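Trainee: Provided herewith is a single structure, encoded as structure tokens, for subsequent inquiry.
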């Protein structure tokens, strides 16, 4: 059978078309990979910053041998955990024991889907973005409870129960604060919430319109991250390491990663909800209204927005790290009393007050 040149060219064109379709099908993965790379770098930076700040507070030198200024210390620790033996408890529930850390990590990573890191730079601009974050973040304590229960260790089980109780206690005030912000912005979308703060620059931030909600959100976020003075689920003096007691190797490393990912997510949401997100702080001055000429300027706008967002997020990171090394740990009864008897009524009153002002202004 003889094939003429026209048929050969037709076959080649079809093969090129199929190749282009495959390439186009893989393009959607690039933003996700870029986000994962950025998250990895941010976690390494946060670990290094915490060690440097804690060393400064305690008047120590801090990490200095692994790379210049100790920048590679976090990578060295991660490599060590990756190469360590993964020990399983002989009488534990092995399936639950293995899946617990994965549930905690995945639930935190999914929260990044709705965070607008910069101008037009968000993976999923959903109309229920902040509620999706609250729903997803409530899954992480289930993984911690599974880890504590499946370890067949009383310290681990108590740590898991504490994690669940702490999450429930502070999730409700956190939700009320988010609802108040949504009422002010008339939207549950994270992008719309940032846009609603863009008109007056620094003076348009929700921080000034919701000062009580900001303080409650700040305290609740620290409790959700299980940072001092709220690290009751893993109190060394009482529970050895809490739900992490029986873990080793990469699984222990995943729990270590969860704490810093949670801190990063909380910092970014403080920025998005209260500090104007990617918007420039000076009133009536915006980088994004001056240049609308080509794609290069659009990329520059996005990079500037990401830089502004991360700069604001690092402010919360600095506050949380400083609090960790300056305040003592609370007792469990004090922690629950703070959540149920103090923060919950204040956040509910703040929500009712915001609702009243919104109804009056209609």
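Each residue, glycine too, has its Cβ placed from N, Cα and C.
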Trainee: Among 82-102, 103-123, where does Swiss-Prot put the label transmembrane segment?
Mentor: 103-123
Trainee: Residue list, the transmembrane segment (27-47) vs rest of chain: Cβ under 8 Å, 6 or more residues beyond ends.
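Mentor: Long-range Cβ neighbours of the transmembrane segment (27-47): 73-75, 77, 109, 112, 117, 123, 257, 260-261, 263-264, 310, 317.
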Trainee: Is the transmembrane segment (103-123) in contact with the transmembrane segment (247-267), using at least 3 Cβ pairs under 8 Å (sequence separation of 6 or more) as the test?
Mentor: yes
Trainee: Determine which recorded stretch among 164-184, 202-222, 303-323, 335-355 has the most C-beta pairs below 8 angstroms with the transmembrane segment (103-123).
Mentor: 303-323
Trainee: Can you tell me which of 128-148, 164-184, 202-222 gets the most C-beta pairs within less than 8 Å of the transmembrane segment (303-323)?
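Mentor: Most Cβ pairs under 8 Å with the transmembrane segment (303-323) come from 202-222.
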Trainee: At a threshold of under 8 Å on Cβ distances, which of 128-148, 202-222, 335-355 pairs most often with the transmembrane segment (164-184)?
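Mentor: Most Cβ pairs under 8 Å with the transmembrane segment (164-184) come from 335-355.
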Trainee: In terms of Cβ proximity under 8 Å, which residues at least six beyond the ends of the transmembrane segment (202-222) contact it?
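Mentor: Contacts with the transmembrane segment (202-222): 170-171, 173-174, 176-178, 180-181, 184-185, 193, 230, 266, 269-270, 273-276, 279, 281-283, 316, 319-320, 323, 338-339, 343, 346-347, 350, 354.
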Trainee: Where else in the chain does the transmembrane segment (335-355) make close Cβ contacts, counting only residues six or more beyond its ends and a cut-off under 8 Å?
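Mentor: That would be 165-166, 169-170, 172-174, 176-177, 179-180, 183-184, 210, 212-213, 216, 219-220, 223, 230, 232.
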